[in-house]
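Below you'll find the structure, written out as C-alpha cells, and then a few comments.
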Amino acid sequence: MPSWLNVFALLGSALLPVGAQKRRCAYLASPSNALHLKEAGNVSGAEQLCGHTPCCMGYFKLGYGPPIPDLLGCNVVQMECPESSCFSSHHMENFTSCVCNTDFCNANLTWLAPSTPSPSPWGVSSICMVVVPLALLLILCIFMCHRSIRKGVAKPSYGRVTSQCSCHGLQGSDLDLGCIELRQMVGQGHFASVWSGYLRGAPVAVKVFPARSVQQYLRERTVYSLALLDHAGCCASWGRDGPQSRDRFLVLELAAQGSLRSFLSHSSCSWACSLRLAQSLSHGLAFLHADLQRNDGWPGPLCVSVEWVPAGAPVAVKVFPARSMQQYLRERTVYSLALLDHAGVLRFLGAGTAPQSRDRFLVLELAAQGSLRSFLSHSSCSWACSLRLAQSLSHGLAFLHADLQRNGTHKPPVAHGDLSSSNAVVRADGSCALCDFGCSTILCSCPEQPGWQQHRNIFQVGSAQVGTLCYMSPEVLEGCVNLGSSRYLLQGDLYSLGLLLWEVWTRCHELYPGSAVLEHRLPYEEVLGVSPSLGELVHWVSERRERPPIPLQWGQRFQEQGIYTIREILEDCWDHDPEARLTAQGAAERLATLAP
C-alpha cells in the first residue's frame, strides 16, 4: 500500500479559516499511514474529526468485486471539494480516490463509468470494404507503373550506347574466338595477359582475362565501348566474349613498340621523339577525360564487323584468367562506354570467352612498339619523338576525363586510376595510347543511374586493385581520397601523368647536351628501388613531398621563348595539393606550346 499521506503532502497545505465547522469523516488507515493521518484530526474508532479541512478523502482498492476501502479519513491537504458524495471515474493502476465535503461522505464510493463515444457508423467490416479495394487498386497501379518503366528502359547492352546517357548498361554480341589465332604472349599483368595474334588474317592484340578478373574485364571493355573513342591516344578495340566459357578477352590495336615502359627501358629517343611521346600521352589523357558529344559517335554494337580491322592488321589479345573475373568485367565495362573513339585510347576490337577454359579475352589494337615502359627501356628518343609521346598521352587523358555530348550521345568522364608506363602503348608512328582500364572509375552524372557511382570503391590502398604504387598520388597513398568527389579521382590521374612525362623525358637524349642519356628508371626507383613499399612511398612522397629529380637543363629549355618550361609543366602536374594541379586539358594545352 503506498503512503498516500506523503502524496498529499507534496501538493501543499493551507489552514482553514478560523471558526469553520469541523468535518467528520469515516476513518480507516494502516499502521504506516495512521500517524500522519491522525495529524489531520482526532480519531475515535472509525470516525475522525477534521481539524484543518472540510474535506473527507478516501482511497479504494479495485478488484473484480466492489471497491474495497484502503485509506479513509480527513484530507491532509487544503483543497476544494465541491462534491457532496465520494464520486470517482478514474483510477491509478489498481487504486482510485475521491474527495467530498459532507460528513462521512467517504464511507462509500460511487463509481462513475467514463463516458464512451457513440459508436462510429463505420464499423470494422465497413472499413475493410473500403480499404481493401483501395489497397488492391494501389497495388495494381504500382504494378502497371513498374511494368511500364521496365518496358521503357532498354535492356542492358554492352554495345556502344547512343542514348543521351551512356551510363546505361552495355551489351553486345561475342566474337568467335575460333577466328582469333594467338601467336605469342607480349605482356603479363596482375589481372590479364596480352597476346599478339590475328583476327581473320588481321593482326590484333588479344587481352585475356581469367574468370576471377571479370570486373576488370567489364570495366575496361565498357571504356573501350564508349562512343567517340576513335582517338589516336586510345587503343582501338574490336570485340569481346565468346559463348563457350567464362574466360574473357578483348581484341585491341597492337602497338608495335609495346608499352611505354618497355620502350623507354630499351631505347633512348631524340627530343622530337620524346616530345611526341609526351604530347600523345597528354592528348590521349585529355581526350579520355573529356566529355564529348558529336554526330559521328559509334552507333553500332560493341562487337564490330571485321571491316574495322584492315586485312593483315595485327591485334593484341589480353587474357584474363578465371581468378581475375572482377578485373575483366571492370575493364570491359569501360571499353563499352559510348563515344570512346579517340586516338589517345587504345582501340577496342572485341571481347570474348575461351571455349575450353574460364579465361576472358579483350581483343585490342596491337601497338607496334609495345608498352611505353618497354619502348623507353630499349631506346632513347629525340625531342620530337618524346614530345609526340607526351602530347598524345595528355590528349588521351584529356579525352578520357572529358564529359562529352555529341548528337544525343554521351560519354561520361573516366578516371583511369592506374596510369603508368605499363598501361600506355606506343604505336608505330610514335604516338601513345592509353589502355588497361581495370582500375578505372566511370564518373556518371546521370541521376537516374546511381549504380555507376559504385565504381568509386576501387581505391583500396594497399591492394593490387589500386594500381601501380609508385604512380599513386599522395592523397591516394595516404588513403584520404574523397571518393564522393569526381574531381579528386581525376586529379590523381594528373599526378600520374606528371610522372609519365618525367619518365619519357628522362630518355630524351637531346635534353642531355654533352652527356649520355640516363637509363630508363621508374619514378623513385633510384631512391626507393624497383618495388618500393607503401610505407616507403608515403614517407617519401607524402611526408617529405619529394618528387623525381628534374635536371637543371630541363628547366632552362624553352625559357627564352617565354612559354612554359618542362619543369613548370611537371611541377604543376604532380603538385602535392590536388586542387593546384593542372587539368588534363590544361596539360595538353601547355605541351602544345612546346616546339618540336
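Using N, Cα and C of the backbone, Cβ positions are placed for all residues, glycine too.
What TrEMBL says about this protein:
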ACT_SITE  Asp418  active site, proton acceptor
BINDING   Val186, Gly187, Gln188, Gly189, His190, Phe191, Ala192, Ser193, Val194, Lys207, Lys318  ATP binding site
DISULFID  Cys86-Cys98  disulfide bond
DISULFID  Cys100-Cys105  disulfide bond
DOMAIN    180-594  domain 'Protein kinase'
SIGNAL    1-20  signal peptide
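Most buried of the recorded positions Cys86, Val186, judged by other Cβ atoms within 10 Å, is Cys86. Max Cα-Cα distance over the annotated ATP binders (Val186, Gly187, Gln188, Gly189, His190, Phe191, Ala192, Ser193, Val194, Lys207, Lys318) is 14 Å. Long-range C-beta contacts of Val194 (ATP binding site), restricted to its own chain and to partners at least six residues apart, with a cutoff below 8 Å, comprise Met185, Val186, Gly187, Gln188, Ala205, Val206, Lys207, Val208, Ala316, Val317, Lys318, Val319, Leu364.
The recorded positions listed here are Cys98, Cys100, Cys105, Ala192; among them, Ala192 has the most other Cβ atoms within 10 Å of its own Cβ. For Cys100 (disulfide bond), the nearest of the recorded positions His190, Ala192, Asp418 in terms of C-alpha separation is Asp418. Nearest neighbour of His190 (ATP binding site) by Cα distance, taken over the recorded positions Cys86, Cys98, Cys105, Asp418: Asp418. The residue listed as 'active site, proton acceptor' has Cys98 as its nearest neighbour among the disulfide-bonded residues Cys86, Cys98, Cys105, going by CA to CA distance. Listed binding-site residues: His190, Lys318. The one with the lowest count of other Cβ atoms within 10 Å of its Cβ is His190. All protein chains shown were included, and the count of other CB atoms within 10 Å of the CB of the residue listed as 'active site, proton acceptor' stands at 25. Look at Val186 (ATP binding site): DSSP puts it in a strand. Counting only the Cα atoms, the space from Cys98 (disulfide bond) to Cys105 (disulfide bond) is about 10 angstrom. Of all Cβ atoms in the protein chains displayed, 9 besides its own lie within 10 Å of the Cβ of Gln188 (ATP binding site).
Cys100 (disulfide bond) carries a strand DSSP state (E or B).
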